[in-house]
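Some notes on the structure that comes next.
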Amino acid sequence: MTVKPAKAASLARNLAKRRRTYLGGAAGRSQEPEVPCAAVLPGKPGDRNCPEFPPPDRTLGCWATDAAPAAGLCGAGSEPSIAPTSCAGNLPSRPPPLLSPLLASRNPCPWHYLHLSGSHNTLAPTCFKAKLHRKRGSQPPDMASALTDRTSRAPSTYTYTSRPRALPCQRSRYRDSLTQPDEEPMHYGNIMYDRRVIRGNTYALQTGPLLGRPDSLELQRQREARKRALARKQAQEQLRPQTPEPVEGRKHVDVQTELYLEEIADRIIEVDMECQTDAFLDRPPTPLFIPAKTGKDVATQILEGELFDFDLEVKPVLEVLVGKTIEQSLLEVMEEEELANLRASQREYEELRNSERAEVQRLEEQERRHREEKERRKKQQWEIMHKHNETSQKIAARAFAQRYLADLLPSVFGSLRDSGYFYDPIERDIEIGFLPWLMNEVEKTMEYSMVGRTVLDMLIREVVEKRLCMYEHGEDTHQSPEPEDEPGGPGAMTESLEASEFLEQSMSQTRELLLDGGYLQRTTYDRRSSQERKFMEERELLGQDEETAMRKSLGEEELS
């Protein structure tokens, strides 16, 4: 069976256009949409290595490596191709580390695998340049491509019999202007830190809520928050004190000042160090700036009359200069005349303006005087009207008060007179001046009399008590008579002399008390009243007994 080369090339182009890119390896198809491939594989003649169209003159082989198939290693048939998806010792979604990625493709090359132990599930690669292969659209020869380890085999495989189709994608068809700008950079993530990749024991799978589409407002708020945080961080970095910039001719260099090897000890070693910098050197004088020479000095000798004839060529120039000078002088004269006319007109205008300004000022002053006179007369008229109204109100109030008080005054004056607000001056003088003095004098006289009575009562009481004692003593002496106690004896004479001396002493004390005004003033009224009450009570108790005792004592004294 032979096929034309043109037909084989067209089939290769169509198959290349329908090619899909698989990024998942042995895990199956990727989630990327179908993309037509613009690049077309270079056309191969029909007699090159191709599994669909073997060359007539030689056996099938690999067109990528020009290697012949292994003897007795390939099989015939047209069964559906099977891609190896698992092998012992590795995860189902990861190919063996020593095999090429082409082994996990959908249509592996049949010329680079050999059967092991005659089974459809055991194939081994025989070509180390399988990455040069491209996926073909035709069916390879009948074989099962499965990889196994030396110790174990894969129990099952995955087959793909459905036609290629675009898988549903969770991305939106059109870009959202709010959440994703036009030129948003593509973010790349590390699959080792992706939360969607399950690690460890799949039996203890953590099931959580699916991540829904984020809200546009929330994304905008997060973006604004990040911008504010970045701006705040930049402001803090600007405000942070930094090392000043180096002077001209110098630069800052990071220098390791600590020891590279530090000894770890129980006690920290303390060392005192000092550093003295050199004194500041005097600034050298600034050299004068001398610019560099940029041109070249060239000398040229020109003889007289060599370039031009001065007398001949100066005439037109001189005519032009003289004409321009005369024209300029005429223009200056005209300008001066024009300026003089302008100054004259300005002077006339100034005079007219000054006269009009004086007239305006006179009229303004006249208007001001008229306005002030008007305001003054209005104020005077208002004051006159105000005074007239106030006077009329006062007259009306006075008439009303007189008419109202005509009957009220007599009764008010009578009540005030009865209350004592209207008084006789003579009577008032007697009440204020004479009666208080009279009461004071009477009170003094009464005090003197009360003091005299009190003193007299005290003297009488003392005499009576003494006579009573003497009388009682005399009765005792009568019961036991002795010659010296007779009535006419010396004892009686002694008692009479003592009594007379006591009476004289009491009388002298009474006179001194009466003459002593300071004593009367020092004695309070309460003390006098208490003493007076006391003496009156004692006097009432004694009564007639005291009088009789006093009479007896006086009689005995007279008899003696």
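Glycine too: its Cβ is placed from the backbone N, Cα and C atoms.
Per Swiss-Prot, the feature region 'Disordered' maps to 134-186 (among others).
As annotated by Swiss-Prot, compositional bias 'Polar residues' applies to 153-162.
The average pLDDT the prediction assigns to the coiled coil (215-239) is 90. According to Swiss-Prot, the feature coiled coil maps to 215-239 (among others), an assignment based on sequence analysis.
For the region 'Disordered' (225-249), DSSP puts the residue distribution at 15 helix, 0 strand, 10 coil. As annotated by Swiss-Prot, region 'Disordered' applies to 225-249 (among others).
Here Swiss-Prot flags Thr286 as phosphothreonine. In this view, Thr286 (phosphothreonine) is surrounded by 6 other Cβ atoms within 10 Å of its Cβ, with every protein chain counted.
Sequence annotations record features per position, and here Swiss-Prot assigns coiled coil to 331-385 (among others).
Counting residue by residue with DSSP, the region 'Disordered' (354-375) contains 22 helix, 0 strand, 0 coil. Here Swiss-Prot flags 354-375 (among others) as region 'Disordered'.
Residues or ranges marked as region 'Disordered' by Swiss-Prot: 473-498 (among others).
The annotation region 'Disordered' is assigned in Swiss-Prot to 526-560 (among others).
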